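Written below as structure tokens is the structure these notes are about.
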Amino acid sequence: METKPSEISSSKMFGGYNKRYKHFSPTLGCSMTFYIYFPPSPSPSHKFPVLYWLSGLSCTDENFIAKSGAQRVASTEGIVLIAPDTSPRGLNVEGEADSWDFGVGAGFYLNATQEKWKNWRMYDYVVKELPKLLSENFPQLETSKASIFGHSMGGHGALTIYLKNLDKYKSVSAFSPVANPINCPWGQKAFTNYLGPSKADWEEYDATSLVSKVHDVSATILIDQGDEDKFLHDQLLPNKFEEACRSANVSVLMRLQPGYDHSYFFIATFIDDHIHHHAHALKL
């Protein structure tokens, strides 16, 4: 099984290229796909900082690349975009595709501890395997200069991964993140099945719980949230995260955007601000 990534598609955009790759993941025990947007390079020896995007429930590696429009500013800022998938696929675990908010397409960016879901290790895939794979196979990437952002479940992933790995990422931002999953139905369903009943284990993957335990968060955390998002009050709970940040003296810019929902129309509207936010941090 080939762990080295092979290119399966390439499309030019804003002078650079969206390229999709496939590889076998030892971490997840299955073949995985991911996208890279390469901006136009000023010279053959130039090395680009990287910005990881984590997608939401039921998404693949394709949604962000096709819908966000992030490539335009990534091209001018000279930042590589990395978009992995949202879960293992093709393992045929009983019940993996029974619902859209759990299993396939719903990895929650954690390392599952329950035997049935032992391959659901998206945390290790994103934090460990993928950066190593990129570093070894793409010499034009400066993987030591990295930031991370995401949407919904992926916003949860970005926030928790950043807070647990402040040495690995220069900045974080999120669109409509699942910000306090231990207190919402999506999170409770996922955490019960992946992690078991211990609330202490759940807190290790809850941004609102984690932010009170970290120190030296140097970059401001940027969050955009639509006030017409139907998931705002029962699933996302960004106000809980904002309160926790204030208590921990962590700088957060929470922007409630009037009239916007949970969709990629919302993401595309404000994506430029997020790319600029990360470009500033990556170039310091």
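Glycine residues also receive a Cβ, built from the backbone N, Cα and C atoms like all the rest.
Annotated features in TrEMBL:
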| type | residues | note |
| --- | --- | --- |
| ACT_SITE | Ser152 | active site, charge relay system |
| ACT_SITE | Asp229 | active site, charge relay system |
| ACT_SITE | His262 | active site, charge relay system |
### Message
Between Ser152 (active site, charge relay system) and His262 (active site, charge relay system), how many Å separate their Cα atoms?
### Response
8
### Message
Between His262 (active site, charge relay system) and Asp229 (active site, charge relay system), how many Å separate their Cα atoms?
### Response
5
### Task
Within 10 Å of the Cβ of Asp229 (active site, charge relay system), how many other Cβ atoms can you find? Include all protein chains, please.
21
### Query
So among the active-site residues Ser152, His262, who's got the most Cβ atoms within 10 Å?
Ser152
